[in-house]
Amino acid sequence: MGAPARKRASLLLLLLATMALVSSPGWSFSQGTPATFGPVFEEQPVGLLFPEESAEDQVTLACRARASPPATYRWKMNGTEMNLEPGSRHQLMGGNLVIMSPTKAQDAGVYQCLASNPVGTVVSKEAVLRFGFLQEFSKEERDPVKTHEGWGVMLPCNPPAHYPGLSYRWLLNEFPNFIPTDGRHFVSQTTGNLYIARTNASDLGNYSCLATSHLDFSTKSVFSKFAQLNLAAEDPRLFAPSIKARFPPETYALVGQQVTLECFAFGNPVPRIKWRKVDGSLSPQWGTAEPTLQIPSVSFEDEGTYECEAENSKGRDTVQGRIIVQAQPEWLKVISDTEADIGSNLRWGCAAAGKPRPMVRWLRNGEPLASQNRVEVLAGDLRFSKLNLEDSGMYQCVAENKHGTIYASAELAVQALAPDFRQNPVRRLIPAARGGEISIPCQPRAAPKATILWSKGTEILGNSTRVTVTLDGTLIIRNISRSDEGKYTCFAENFMGKANSTGILSVRDATKITLAPSSADINVGDNLTLQCHASHDPTMDLTFTWTLDDFPVDFDKPGGHYRRASVKETIGDLTILNAQLRHGGTYTCMAQTVVDGASKEATVLVRGPPGPPGGVVVRDIGDTTVQLSWSRGFDNHSPIAKYTLQARTPPSGKWKQVRTNPVNIEGNAETAQVLGLMPWMDYEFRVSASNILGTGEPSGPSSRIRTKEAVPSVAPSGLSGGGGAPGELTINWTPMSREYQNGDGFGYLLSFRRQGSSSWQTARVPGADTQYFVYSNDSIHPYTPFEVKIRSYNRRGDGPESLTAIVYSAEEEPKVAPAKVWAKGSSSSEMNVSWEPVLQDMNGILLGYEIRYWKAGDKEAAADRVRTAGLDSSARVTGLYPNTKYHVTVRAYNRAGTGPASPSADAMTMKPPPRRPPGNISWTFSSSSLSLKWDPVVPLRNESTVTGYKMLYQNDLQPTPMLHLTSKNWIEIPVPEDIGHALVQIRTTGPGGDGIPAEVHIVRNGGTSMMVESSAVRPAHPGPVFSCMVILMLAGCQRL
């Protein structure tokens, strides 16, 4: 007997011996043991920056892994395993490492956590513990810094020793008077130095550098000694920019980091800063007119050369540097937990990206893995041949470059298992359709893979025209008939053992389509019903499914277009509501039971607006015209009638219809000329097609093109000016936007002359963003009118000239002081000031007067100032101290500044009013009036006299309060009979002003009585405030 025959006989004996056991009612399967798995990190240590001066007495590095059985933990410092004994400074709490009383000398370094259980060991990513510090500034006095007013200056910070980097601010004279970040001042966050582009008198003073360290646990700031900035006589000359704060020629950055380039220049006028990317374009989200260029999250696309340009009317200066972008390792492909059969081969692979390119190595149970025997290590590949049980364990792929290290972990479980059907037995009942085909899988759990054999009853099945056993053990029976019913058993065997599983095949009637859907043509927006009816085996449930071009139709989508018929189980009609172009195609109706199915197709054609044209190409580019061509898109079953062309430019980004030649573009055209474009402008174009059913989606945008240059066609606007230093004519205008520049090399051409003069002077000002020009000449008198015109130019020529505007040269301060200044206190907190006005002079337009006042005994430098908003010759000054003598001067002012001071005048404010309100209020009531009486208020020696009393009265019928004055300590006021309540306030008045009020609240009680509530309140807010309440009752004319 041959080997195949012996094997078949052996399996037959196994079949006969086990069939009774399989069918025995006492047969059962025991449950598997609880799953075990190796450590998987849930929390890994992260780097810490610990302040050397911290009050904290410990540092915790976290580590936690999920594992079964639970993991145990070890730690390494700088690659050496740590001795974590009880009572030492290093304690293990769970998986966390706690370092007590950390110091830089003993504890700074690289830490790793190791988690282990019987399955294997994994190591965590590395965590670096660093120690931060910030020392104090030197106690030595700083030398004064001297320069000329109008020059630029740099004040060095010279920060103390520190780690890591700092942030910087500067103080002027006192805290918290911080130097603002504006176009004239700049604080370098690289060096801490303070730069002033052009100094002026307001910069005089003492400066201190404030350095701040931001650590993980705390923030610390230190101040430098003050350094005095002294300014020599002003140098009125203009200077071209000179860049003083420069970014380095090369700046390295990691992907995702923020990159900051610094650039600041000295110059007069103050230079404007502009940034550009030499070999690309800047993101619109980045600030491009600031001393710093910040890239919030740098990417490889941001690598390149960047240029900073500082420009003013006297010239320009530039600096360039390159940003080089690198990256930490990042996984492209990682390993995953794997179960493999004993004796099989396995190939694991991992791949990482990074710059520089990462190196890859492997660990097994936390130890380096090298090629040996059956294991081959090839960079990112790990290969096993003929796996055995000892290969099980925890594996890690490690990718590293100079910027970091990453770990990918996986468990390898090598299995040796006898065939086992407990998790995946053969189906007990296997229904099949007559005339159809059935596949019965046999997939026992086994390692190595089991040999499969099938039987029907006691007959071993082999391959035939109707029966096939596939390589994976699946039994396939075709053209099924009633004779195929019965028990089918799958036998599985490997060197570990044998097993089998049985199922019963039951043959049912086939499913058929009795009414198939019909093809149809519809328009967009129409409704359509596709019919589909079927017959089936009555013992089974029937379901209908629909597909469109082999994709399932979604009936449950909210707001969808499909509805399903639900009249009868054998009817599966599909209705399309408000059909769209995307609903056209081949629909398939499938009627299915659990054993078989039948299907029929129908084609739905949906007519609609045309699809987008394609291939939009721009050629024959002129200054205001281009020629467009395109290819026809789908007409969607309705002829194209016409085309519409649109364009957009970068400034607006909005698509607008353009003029064309021909004006109306017919449906058979594939080219047209675009008219009326702007010269030297970037454009994108798109094309839309229309038919009788509407206009379709536009084409994709064309490639961006730039029209040719032309002479500017529009004059600049907003011509004005004035101001500046003596001897200067400052001319301002509105910079022309990109769409009106018409070409490169753009700038402005100014013409100006003294009013009445015959000859014009000209000045050429480069730069589209320039918005002012300063002409300096010592011969220019203050506030001299000039006639000014402006035009723009580019490299193609000069544009049209604007209308003439009158601009005045810089004003000078008034030369004459006001005379006959008089001042007198009008209350305890106010005084009146008057003066004889000065005449308008030729130095400028007088805007008003500045009143300076200070207390006797103080210096004039401490004076407060108020300005009039017009040319009034008197004013009231408020907010003064009571019973205080003040000195007062008055000066005229214009836009250039204030003139000389008048001789000082003196004024004495009044004593304050009495702080006591009127008390002991009594009353007499009649039907139409209320008489109130109170004790006279006697002022103290430090209070002003009382000349009378003010009474403020308001009732619910009269929302506007009425003021009554009396020089006596009583008053009678009318009280309408129909009021509900009224409010009365009584206070003293006199030379020192009004005193604190006593408030009386009157509420009518019935027809003949009212209640009076009295309280003394401070006049802090307008609403009624009640305290120290006194309640009186008014009843007829009697006093209680």
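Here the Cβ of each residue, glycine as well, is placed from N, Cα and C on the backbone.
If you check Swiss-Prot, you get these features:
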- 1-30: signal peptide (SIGNAL)
- 39-130: domain 'Ig-like C2-type 1' (DOMAIN)
- Asn78: N-linked glycosylation site (CARBOHYD)
- 135-224: domain 'Ig-like C2-type 2' (DOMAIN)
- Asn200: N-linked glycosylation site (CARBOHYD)
- Asn206: N-linked glycosylation site (CARBOHYD)
- 419-506: domain 'Ig-like C2-type 5' (DOMAIN)
- Asn463: N-linked glycosylation site (CARBOHYD)
- Asn479: N-linked glycosylation site (CARBOHYD)
- Asn500: N-linked glycosylation site (CARBOHYD)
- Asn527: N-linked glycosylation site (CARBOHYD)
- 612-710: domain 'Fibronectin type-III 1' (DOMAIN)
- 715-812: domain 'Fibronectin type-III 2' (DOMAIN)
- Asn777: N-linked glycosylation site (CARBOHYD)
- Asn832: N-linked glycosylation site (CARBOHYD)
- 917-1008: domain 'Fibronectin type-III 4' (DOMAIN)
- Asn920: N-linked glycosylation site (CARBOHYD)
- Asn942: N-linked glycosylation site (CARBOHYD)
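Here the features listed in Swiss-Prot are painted onto the structure.
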| residue | record | DSSP (3 states) |
| --- | --- | --- |
| Asn200 | N-linked glycosylation site | coil |
| Asn206 | N-linked glycosylation site | strand |
| Asn463 | N-linked glycosylation site | coil |
| Asn479 | N-linked glycosylation site | coil |
| Asn500 | N-linked glycosylation site | strand |
| Asn527 | N-linked glycosylation site | coil |
| Asn777 | N-linked glycosylation site | coil |
| Asn832 | N-linked glycosylation site | strand |
| Asn920 | N-linked glycosylation site | strand |
| Asn942 | N-linked glycosylation site | coil |
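Counting every protein chain shown, the Cβ of Asn479 (N-linked glycosylation site) has 11 other Cβ atoms within 10 Å. Fewest Cβ neighbours within 10 Å among the glycosylation sites Asn206, Asn463: this applies to Asn463.
The two recorded residues, Asn942 (N-linked glycosylation site) and Asn500 (N-linked glycosylation site), show a Cα separation of 116 Å. Annotation: Asn500 carries the greatest number of neighbouring Cβ atoms among the glycosylation sites Asn200, Asn500, Asn777, Asn920 [cut-off 10 Å, Cβ to Cβ].
The DSSP breakdown of the domain 'Ig-like C2-type 2' (135-224), given as helix, strand and coil counts, is 3 helix, 38 strand, 49 coil. The shortest Cα-Cα distance from Asn206 (N-linked glycosylation site) to any of the glycosylation sites (Asn463, Asn500, Asn527, Asn832) is found for Asn832. The secondary structure of Asn78 (N-linked glycosylation site), as reduced to three states from DSSP, is coil rather than helix or strand.
Applying an 8 A CB threshold to same-chain residues 6+ apart, the list for Asn832 (N-linked glycosylation site) reads Ala823, Lys824, Ser826, Ser874, Ala875, Arg876, Val877. Among the glycosylation sites Asn463, Asn479, Asn500, Asn527, Asn920, the residue whose Cα lies closest in space to that of Asn200 (N-linked glycosylation site) is Asn920.
Ranking the glycosylation sites Asn78, Asn500, Asn527, Asn777 by the distance of their Cα atoms from the Cα of Asn479 (N-linked glycosylation site) places Asn500 first. In terms of DSSP helix, strand and coil, the domain 'Fibronectin type-III 1' (612-710) has 0 helix, 47 strand, 52 coil. Across the fold, the C-alpha of Asn920 (N-linked glycosylation site) and the C-alpha of Asn777 (N-linked glycosylation site) stand 77 Å from each other. Asn527 (N-linked glycosylation site) sits 52 Å from Asn463 (N-linked glycosylation site), taking the CA atoms of both as reference points. Distance between Cα atoms for Asn78 (N-linked glycosylation site) and Asn500 (N-linked glycosylation site): 57 Å, as a whole number. Over all protein chains present, the Cβ of Asn527 (N-linked glycosylation site) has 12 other Cβ atoms lying within 10 Å. On the backbone, the CA of Asn500 (N-linked glycosylation site) and the CA of Asn463 (N-linked glycosylation site) stand 20 Å apart.
Reported as a whole number, the C-alpha separation between Asn777 (N-linked glycosylation site) and Asn463 (N-linked glycosylation site) equals 111 Å.
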